[in-house]
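Trainee: For 60-310, the entry in TrEMBL reads domain 'Nucleoside phosphorylase'. Sequence annotations record features per position, and here TrEMBL assigns phosphate binding site to 100, 144, 145, 146, 147. Feature annotation from TrEMBL assigns substrate binding site to 223, 225.
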């Protein structure tokens, strides 16, 4: 196997634009300078076909989550929370020309679905970061809103991620590039996490904690579940592993946070991960709460993020 290389910065590559000192999220790809048009294929947008600065130049917050329906509901919710004209029910999908992702805009807030797992969210992030770059968006905060499995916490607990770790509890993301394995840090913005925790105390409707989030490549065996189509370990081995994760500071498990943290850090974007837990994995593997309870759980991160955005906008 090729040597493992650290990639905590891209100082060896020329920057396309030195946006970082001006508060811009920026790309680190000199090859983009050679393109006459940059087609954001999975968004059905492009630099020649769309006026991206006019469409997105006022964006200050980007909220991403797995489900298209959930992100549409969040867009309507934040639309109403910001007191924009109308009730937001007629909000349109900017990416309606594709079936890969959905995107909605509510004033300075962009709400985007990213699908499930590292490959899906990484594709979305590449095009989102280029979109913010082309639109010349300044001082952008990006937050992943999601669901997760908890470890040693009550279902319904909201976990704000301080560190995204892999299945070995390491704060790193491994990306295969050509024939090399490149290691990238999964550092998140700690001041942003602290601000979100402070906002949660003002709501005080549900438990909110800061903890490590473990990111896996799979929902079943990769997360130590006993109820998949395949299982090569015992219940005792599963419990020992999850207890080891808890001892390492892990409080929830999902499938996107590591690449999300790595890419946002490399591109100079303030980023946070806020996920609600749907079960305690130390107690079982299957989600057994009713649909109405799960729906209420899923609204908890949205309420927290709404409170945070309104405070940032001095509302």
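Glycine too: its Cβ is placed from the backbone N, Cα and C atoms.
Automated prediction, rather than curation, is the source of TrEMBL annotations.
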Trainee: Can you tell me how far the Cα of residue 145 (phosphate binding site) sits from the Cα of residue 223 (substrate binding site), in Å?
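Mentor: Per the Cα atoms, residue 145 (phosphate binding site) and residue 223 (substrate binding site) stand 20 Å apart.
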Trainee: Hey, how far is residue 146 (phosphate binding site) from residue 223 (substrate binding site), Cα to Cα, in Å?
Mentor: 17
Trainee: Looking at the binding-site residues 100, 144, 225, which sits with the largest number of other Cβ atoms within 10 Å of its Cβ?
Mentor: 144
Trainee: Just checking, which of 147, 223 (binding-site residues) has the fewest C-beta atoms within 10 Å of its C-beta?
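Mentor: Each of the binding-site residues 147, 223 was scored; lowest Cβ tally within 10 Å is 147.
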Trainee: Between residue 147 (phosphate binding site) and residue 223 (substrate binding site), what is the CA-CA distance rounded to a whole number of Å?
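Mentor: Cα-Cα, rounded: 14 Å.
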Trainee: Expressed to the nearest Å, what is the distance separating residue 225 (substrate binding site) and residue 144 (phosphate binding site) at their Cα atoms?
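Mentor: Residue 225 (substrate binding site) to residue 144 (phosphate binding site), Cα-Cα distance: 24 Å.
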Trainee: For each of 145, 146, count the other CB atoms within 10 A of its CB; which of these binding-site residues has the top count?
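Mentor: Its Cβ has the most other Cβ atoms within 10 Å: 146.
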Trainee: Write down the Cα-Cα distance for residue 144 (phosphate binding site) and residue 223 (substrate binding site), rounded and given in Å.
Mentor: 20
